[in-house]
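Chemist: So TrEMBL lists the following for this protein:
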DOMAIN    106-183  domain 'Beta-ketoacyl-[acyl-carrier-protein] synthase III N-terminal'
ACT_SITE  Cys112  active site
DOMAIN    233-321  domain 'Beta-ketoacyl-[acyl-carrier-protein] synthase III C-terminal'
ACT_SITE  His248  active site
REGION    249-253  region 'ACP-binding'
ACT_SITE  Asn278  active site
Amino acid sequence: MKIYAEITGWGKCLPPAIMTNDDLATFLDTSDEWIRTRTGIEERRVSHVGTSHLATVAARNALAAADLDPNELDLIIVGTCTADEIIPNVASAVQRDIGAKYAAAFDLNAACSSFLYGMHYATQAIRTGVHKKVLIIGAERLTRILDWTQRESAVLFGDGAGAMVLEATTEEVGLLASHVTCDADARDVLALEFGMSFDRFGFDGIMPFNFVGQEIFKRAVKGMSLAVEKVFAETGLTTADIDSLIPHQANKRLIDFLAKMCHVPEEKTVINIQKYGNTSSATLPIAFCEAVEQGIVKPGDTIVSAVFGGGLTCGAGIIRWGQRVTPKRDNTMQLPSNGQSALDLILPLHLQTKAAWEKRGE
Ligand code: ACO
C-alpha cells in the first residue's frame with residue numbers, strides 16, 4: 001500500500017509591528033510609489049523577538065490545527081537563513097519549547113526555497129516509512145541582517161514564521177511531486193557575507209549585502225518555469241487540473257508571470273506580498289495558512305507552488321489538500337506587542353550602519 005504525507009496542521013506567526021513604505025521613506029531615499037509599482041509591497045512586519053520565538057508560535061498553531069501531541073513528532077525541520085545562533089540550531093529551541101522530546105531536530109538553509117526543500121525531504125521520509133509525523137517550519141527575522149542604508153534590498157523583506165504538520169496516510173494527498181534545484185553559478189548575486197569566513201576582528205558594523213535584483217529576477221523566472229514543467233510532467237497533470245497557485249512572494253511581477261504560465265486566475269492565486277514583503281522561508285507556509293483561512297483552498301484541491309532564493313535555489317511542487325480545511329483546535333495564537341513600533345526597532349540599526357559607512361568613507 002502506498003504511503004503519502006498529508007498536511008494535517010497549518011499555522012503562522014506575524015510579529016505585530018508594521019513598517020509601511022511611507023515609514024521607510026522617512027530614512028531611505030525611496031517612495032511608496034516606487035516600492036508598490038516595482039514589487040507590490042505596501043508594508044512588512046518587524047519582529048521584536050528572535051527567530052526561534054516566531055518559529056515556536058507558528059509551530060504551536062500548526063499543532064493545534066492538527067490536534068497533535070508534540071510527543072508524537074518524529075522530526076522537526078526549521079527552514080531559516082536567520083538562525084538566532086550558529087550553534088545550537090533553531091529546531092532544538094522549538095523542540096524544547098513545544099515539548100517534542102522524541103523528535104530529531106535540524107535547520108535547513110536553502111534561503112527562500114527552504115520550506116519547499118523541507119516539504120520535499122520530509123515527504124520522502126514519510127513515504128518511505130522512515131518517519132510518520134513531521135513538523136516543518138519556515139521562520140525568519142530578516143530585519144536584523146539587512147543593511148538599512150541600502151534601499152535596493154531593505155525595502156523588500158520582512159519577518160514572520162509559518163508551519164505545517166505532515167502525517168502518514170494512505171490517501172493520495174500531500175506533496176504529490178516536487179523538484180528542487182540549485183543554480184550555483186549565480187550564488188554571488190544574492191549574498192550576505194556574514195558567517196565563518198567573516199573577519200570578526202575587523203568588523204565595523206557593516207554586513208555587506210550583495211544583491212543584483214535584475215539577475216535574480218531573470219534566473220528566478222527560468223528556474224521556476226523549468227521546475228513547474230518538471231512537476232507537471234512527473235504527475236501527468238496539466239494546468240487544467242490546478243485549482244490554485246501558492247507561490248513564493250518576492251515580487252508581484254514574478255507572481256503574475258507564474259499565474260499566467262499556470263493559467264491560474266487572480267482570485268485563485270495567493271498574494272500576500274503587499275502585507276508582509278518577502279519573508280524568505282516563512283513565505284510559503286504563511287501563504288498556505290492564509291489560503292486555507294480565506295477559503296481559497298477547498299477540500300481535495302490541487303495546488304501548484306514555486307519558489308526561488310539565494311544559492312540560487314529553486315523548486316516547485318504539486319500539492320493535493322486533504323478533506324479538512326478547518327483547524328481541529330483554535331490556531332490563532334499571536335505574539336503580544338512589546339510596545340515598540342517598527343521605526344523604534346529599525347532606526348537604531350539604520351543610524352548605526354550609516355555611521356559605519358561614513359567612517360569607512362563610502
Ligand atoms: N526606491 C527608489 N528607487 C530605487 C529603489 C528603491 N527602494 N531601489 C532601486 N531604486 C532605483 C535604482 O537605483 C535604479 O535607479 P537608476 O535607474 O537611476 O539607476 C532604478 O530604481 C531601477 O532599479 P532596478 O534595479 O533596475 O529596478 P527593477 O525594476 O529591476 O526592480 C527589484 C528591482 C524589485 C529588486 C527587482 O529586480 C526584483 O524584484 N528582483 C527579483 C526579486 C528579488 O530579487 N527578490 C528578493 C530576493 S530573492 C529571495 O527571495 C531571497
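Residue positions begin at 1 at the first shown residue.
Cβ coordinates are placed from backbone N, Cα and C, and glycine is handled just like the others.
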Chemist: Counting every protein chain present, what is the number of Cβ atoms, excluding its own, within 10 Å of the Cβ of Asn278 (active site)?
Modeler: 22
Chemist: Tell me the Cα distance separating His248 (active site) from Asn278 (active site), rounded to the nearest angstrom.
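Modeler: Rounded to the nearest whole number, the Cα-Cα distance is 8 Å.
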Chemist: What counts of helix, strand and coil residues does DSSP assign across the domain 'Beta-ketoacyl-[acyl-carrier-protein] synthase III C-terminal' (233-321)?
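Modeler: Its residues divide into 40 helix, 20 strand, 29 coil.
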Chemist: As a test of the contact definition, list every same-chain residue at least 6 positions from Cys112 (active site) whose Cβ is closer than 8 Å to its Cβ.
Modeler: His248, Ala250, Asn278, Ser280, Ser281, Thr283, Val307, Phe308, Gly309, Gly310, Thr313
Chemist: Around His248 (active site), how many other C-beta atoms are within 10 angstroms of its C-beta?
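Modeler: I count 29 other Cβ atoms within 10 Å of it.
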Chemist: Summarise the domain 'Beta-ketoacyl-[acyl-carrier-protein] synthase III N-terminal' (106-183) by DSSP state, stating how many residues are helix, strand and coil.
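Modeler: Computed counts for the domain 'Beta-ketoacyl-[acyl-carrier-protein] synthase III N-terminal' (106-183) are 21 helix, 33 strand, 24 coil.
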Chemist: Which whole number is the mean pLDDT over the region 'ACP-binding' (249-253)?
Modeler: 95
